[in-house]
Every structure is written in structure tokens, then in C-alpha cells.
Amino acid sequence: LTFSLLSVTVLVSFGSSMLYGYNLAVVNSPAVHIKAFYNATWSQRYGHGLAPGPLTLLYSLTVSIFALGGLVGSLLVGVLVERYGRKGALSRSALLVLLAGGFMGFSRELGSPEMVIIGRCITGLHSGRCYWGCICLSVVPLYLGEIAPKNLRGFLGLVPSIFICLGVFFAQVLGLPELLGEDRFWPFFLSVVVVPASLQLLLLHCFPESPRYLLIERNDVCRATNALHQFLGTMDVQDVIEEMREEQQSLSSMEMVSVRQLLQDHSVRWQTLSVVVVNAGMQLSGIDAIWFYTNTIFENAGIPAPQIPYTTVGTGAIEIVAGLIGCFTIEKVGRRPLIITGFCAMGFCSAGITISLLLQSALPWMRYVSVACVVGIIAGFCMGPAGVPFLMTAELFTQSHRPAAYIVGGSLNWLCNFSIGFIFPFLQMSAGAFCYLVFCGICFLVALYVYLIIPETKNKTFMEISHIFA
């Protein structure tokens, strides 16, 4: 693991993946203040405040619009990476965060709830163009998956998930009453995202483009070789060049496929279905409901209000530990055990929340069981499902199909993210404690699919993985 490879991994994860995690959790602690701002602004404009139902609807839109922006961004990934490359797409998307930070930071001064919603949408657009998984959920794992040697691909592929956990943790810490959790600070709290985006924009030009992209898609052997020298820290890169040449020759008669062509291609139907299942399952597992509405869940579980912010920070610290465990064990235990164990743990804990909430009136100590189950869901997610689906999307496809596969996975990811963020408050009001059983069933079904269908991809080249599915 060279200094250059580690540095670029940390930089793109800090400037993109951490922002994704931060934006997932940043609306949790200032929810009361944002709702009060919406109500006061509505009263100034129309002479009367908002009823509880419309206010909940408007706040749910503020929370979930982030995912809708991510959905739009994920549809642009293929165009971005083809035209500007992986690094170019990352740089251009960082500019969106600066714009979003401006909208959210000045929203209260200008008395405009619309600016908060627009800013949240733009940060989602960045995240969709940036980690699938994801540029946050799409270009980061694509870039890291292409620059990493195969024996480090799993480790580097999960580093962004660590930074997602760090982003959630920083949002929870900054949201404490002693820091930015007061009413007067919430616009600044939302606009902190400009700091990591600015650092990425300034420093990313110091690192080369993906050598796999340069050789296979641009046929630039010289730049690809220089990039390999820098990333691998050795002059002997002929074996890697030959592997990429082999992939280039196998794809010489094929063009980059579109989403429609990918969905119609029977030779990769199981890979495509696998991407659909794990990406949709990751969001429908209930993790976004936990992140978006942690304080509300703890309040319903009976945790005293003054203790809720600190309980939330404790869950964030456990997220980081769980993410580190997954990151440092993935090359030993493989992808499948981590993702299967993670989904099963989330399923059991979702059922545990339902049971603890039902028994809470008779057994007051069950509130602590609810907290433990929330921690279990987050830990199970961060240990495997947080990063492995993004990594698997890169590993299951060759170069010609990979961008389209990320568009499919990213679109489903964000669509499900939006659905959970928007519907969960109403689902919780109508189904009560039983709403978590929906997440329980989804987690177990995804774990079963991975166990039966998806092979282990550890230490295999992209061509070998393609042959396994064939």
C-alpha cells in the first residue's frame, strides 16, 4: 500500500463519501429548529402557521429530497465518467457542494425554506454523482476499484464506507447542544459540507487519472503506465498492463453499453439482478430510517430527551468501529460472509426493536434493548452492506458494462433512499412498532439471495469473475 494510493483513497473518501454520511445525519438533531423556522416563515407569509400534518410533510420532503437529487445525479454518472474520466467527475461535482452550502447557509437570513430544500437536493446531486455506493455512490468506488491492485481492492473499496460512518459521527457530534445544536447555528451546521469539498477540489489535481480508464478507454499507454508507477510504487507494472491489455482486447469489438443494452444483455443478467437486489436491499433494510430519524426513534423508545443527543453520538462511534472491522477483515473473510452476516444482524435487530417497543410499557428496561437493537442495525450495516455492494458492482462487470451498472444500482439506491426518507414518518404513525418487521423481512431475503446466487470475488480479476458467472 503506497503513500500515493493511500492518500488519494483518503482524499476522495473525505471529500465525497464523508459528505454523503454527513448529509444523511445532519438533519436529525436540528429537526425541531428547522420545523420552527418553516412554521415562522409560513406565518409571516400567510398570517397563520402550519398544521402538524403539512409541517411533517414539508420536513419529510426536506429530508428525502437529498435522495431525489442523488437519483438525478446517478443518472449522469455514465456521461460524466466517459467525458471527463473518474478524477474529472470528482472535481466537477465538488463545485456543487459549494453551491449547496451557500443556499443552506443563507436560507434563514433570506427567510427562504425553499433554499434549504434546494440545497439538500444539490448535495444529493453531488452524492449521486460522487459513492454509487457513491460521486459518493458511483465514481468513488469506481475510481478506487480501478486503481487498486486486486489484493487490496476489498480493503480500499471499504475505506469510503469508513468515511461515511465518520461523516455521520461528525454530524452527530456537531449537533450536540454545546456545539452547533442551538437554534441560531443550524444554517451553519448544514453548510459545513463546503469544507471537505473545497479540500478535495484543491488537492485532487495532484493525483493521476485511473490507469485502467486511461489504457482501456483512452488507449493512452504512457499515462496509464505513469499512473501505475505512482499508485503501485514500483517500475515493474508489466503484469498489470498485460491484464488490462487482455481486457481491452476482449472488449475491442464492444462499445460502452447503455443502461438499456445492459438490461437486455442476457450474458450479464445474473450480475445485473445481483446489483439490483443488493443495492435496493441496502436502502430498504431500514438504515436510512435509522440515520434520518434517530432522535425520533429514541424518543419513541422512551429515552429521556436530554440524553438523546449523547446516545446518538455513542451509536456513531460504534458505526466507526464496525466499519473498521469490516475494512480490515474483508480480504481475510471475503465479500459474501460480510454482507450476509451484516444483513442477518440487521434483520434480527429490526425484529428486536419491534419486540422491545411492544413490551416497553410492561418492562421499562426494554428501552435500552431498543437502543441496543439500533446500535446492532448500524453496526451490521457498517460492517458489510455499507460498502460491499459498491465494491461488488465494480467487480461483477467488465469495463464496457461497469458505468451502466453503476447507473442502474445508483438509481435504485437513491429511489429507495427517497422512499424510506419520505414514507417512514407516516409508516411509523400508522403501523407503530410493527413497521420495523418490513425491514426485517427485506434483510433476510437479501441475505438469502447473496448466499444462493453471488459467488465470492476475493482476489479474482475482473475477467475471472465474469467467467464464473458465465
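Sequential numbering from 1, following the chain as shown.
Glycine is treated like the rest: Cβ placed from N, Cα and C.
Annotations in TrEMBL come from automatic prediction, not curation.
Feature annotations, courtesy of TrEMBL:
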DOMAIN    9-458  domain 'Major facilitator superfamily (MFS) profile'
TRANSMEM  57-81  transmembrane segment
TRANSMEM  93-111  transmembrane segment
TRANSMEM  117-143  transmembrane segment
TRANSMEM  155-174  transmembrane segment
TRANSMEM  186-207  transmembrane segment
TRANSMEM  338-359  transmembrane segment
TRANSMEM  365-392  transmembrane segment
TRANSMEM  404-427  transmembrane segment
TRANSMEM  433-454  transmembrane segment
Hey, does the transmembrane segment (186-207) touch the transmembrane segment (365-392), meaning at least 3 C-beta pairs closer than 8 angstroms, sequence gap 6 or more? no
Sequence-distant contacts of the transmembrane segment (155-174), meaning Cβ under 8 Å and at least 6 residues beyond its ends, amount to 1, 5, 9-10, 12-14, 16-26, 28-29, 131, 133-134, 136, 140-141, 144-145, 147-148, 180-181, 189, 192, 291, 294, 309, 312-313, 315-317, 319-320, 322-324, 326-328, 330-331, 382, 386-388, 390-391, 394
Given a Cβ distance threshold of under 8 angstroms, which distant residues of the chain, six or more beyond its ends, lie next to the transmembrane segment (433-454)? 270, 273-274, 277-278, 281-282, 284-286, 289, 336, 339-340, 343-344, 346-348, 350-351, 353-354, 357-358, 392, 424, 427
Within the domain 'Major facilitator superfamily (MFS) profile' (9-458) only, compute the mean pLDDT. 78
